[in-house]
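*Asks:* What follows is a single structure, and I will ask about it in a moment.
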Amino acid sequence: MFAKAFRVKSNTAIKGSDRRKLRADVAAVFPTLGTDQVSELVPGKEELNIVKLYAHRGDAVTVYVSGGNPILFELEKNLYPTVYTLWSYPDLLPTFTTWPLVLEKLVGGADLMLPGLVVPPAGLPQVQKGDLCAVALVGNRAPVAVGVAAMSTAEMLASGLKGRGFCVLHSYQDHLWRSGDKSSPPSIAPLALNPPDLSEGKGCVKADTALQGAMRQLTLEEEVQQRCEEKSPSEATEDPGPGGLHVDPMDSKTLQEQMDELLQTCFLHALKCYVRKADLPLLTSTLLGSHMFSCCPEGRQLDIKKSSYKKLSKFLQHMQQEQIIQVQELSKGVESIVAVDWKHPRITSFVIPEPSPTSQTIQEGSREQPYHPPDIKPLYCVPASMTLLFQESGHKKGSVLEGSEVRTFVINYAKKNDLVDADNKNLVKLDPILCDCILEKDEQHTVTKLPWDSLLGRCLEKLQPAYQVTFPGQEPIVKKGRICPIDITLAQKASNKKVTVVRNLEAYGLDPRSVAATLQQRCQASTTVTSAPGLKDSVQVQIQGNQIHHLGRLLLEEYRLPRKHIQGLEKAPKPGKKK
């Protein structure tokens, strides 16, 4: 279902009543979950969003997102867990096992065929047709796919393990998984099972037709697996370790300990580099979503649920006990950071990681290219009214000059024509040409001298504006007029919802569709690219909600555009206020 990109229709914060209903639905659909586990999966206070989207085949799907990861999705009023949820609760569904080679087919949208199943010593899980099931790989109990059984376990065995076994709805590495933090499956050891005792005929498998067919298929799969293991050394080194994790054999830390360390690194990095005193009080959800996630090193994924803290609130309580921050509940159910001790040894001694060279890339077409801001230089164009002044230097109407060239010419003109006042070198006498070029009509009989700075300033004002844009590796482009800044505005829809609108990205070499895709991921909000009203051959990007804070960080810190070329940043939401 999610083998291809989907289209987001809306992304909104869940209401209290919908949160309670979702919790009740989860408890009803997954009765094996205890009350505490249901509350952990559907938190009462932490941010939880409802994302409505259309799959590539047109199916309307509702996705529930918590902590930046999709945790559940609803299709035709049926609720399904994502692989992110199943990694926290691996025993939530009956789990069938297949070979690692099969995963690639599942990611591509294929269903799981029965010949691909691995029959464990204890036999296959007992399910009925239509039951919700999980699929894991040999050697790791962490599920990599979610599907619906196409037949009962008895029918599977009766068929000799042939035919379609499961209709797969979602898998690790599909586009729903990509909408989250893109973390790899944890390594969960298979359940310990005593091998069958074959001595004196004990534990022998009954040689009925169905099981004989299953075992023949297993033999074939073992041959496939053996061929897979015979790959060249270079191919073998590219394969991830157990559960898809690239594990350093010298690293004795558990996955949970590594996540604890990453969580603290992102927290200290955010406080040291991005959070300022003026930002306080700062919503804890804003700290996580707007600062900590962006501080995660390249190639790593921050997932609080895989840490020992499990929840952001528990982690921040621990940081408060260390007296790094102070957290208060300023409004019911909403926690904010109200104080930060920036002189705390853990902050002052924190070393900021070196940024990756690929961190400043934007998607352009099907390949990633580094973005570098253009060099923008103001120029001046000679109008018809000032041709007499500049004709001595060979310039005519329409000639383009830099500011330094204008200054040099005016100074030389004044000295050459003996216009510098003999009694006061700071004054310049105005000859008829200067009077006609820079004085207003009512000044021409009253003003006879001007200071140097006033003369040069008036001269620049009378020239027509122009500018030169030079993109890396390209020839300079000269255009008349002033370059339009990137314009950021807030608009109110008929539904009373706010949207952030961005225009003029193309003038700075930015692809609006690439920027929209980046913002959709950062803000977890729907984005659209439409024609800009009143502007020919120009488009605008719309993002749901007030996303000026995210947009400002993207343009200023990652794309490194000068602030003077961006207008509207002052409209960003104030800390503590709802977007």
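Glycine too: its Cβ is placed from the backbone N, Cα and C atoms.
All TrEMBL annotations are machine predictions without curation.
For reference, TrEMBL lists these features for the protein:
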REGION    224-250  region 'Disordered'
COMPBIAS  224-233  compositional bias 'Basic and acidic residues'
DOMAIN    378-462  domain 'DM2'
DOMAIN    486-559  domain 'SUI1'
*Asks:* Is it possible to list how many residues within the domain 'DM2' (378-462) are helical, extended or coil according to DSSP?
*Replies:* 45 helix, 14 strand, 26 coil
*Asks:* Within the domain 'DM2' (378-462) only, compute the mean pLDDT.
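*Replies:* Mean model confidence (pLDDT) across the domain 'DM2' (378-462) is 89.
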*Asks:* Can you break down the domain 'SUI1' (486-559) into helix, strand and coil residue counts using DSSP?
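*Replies:* Helix (H, G, I), strand (E, B), coil: 26 helix, 24 strand, 24 coil.
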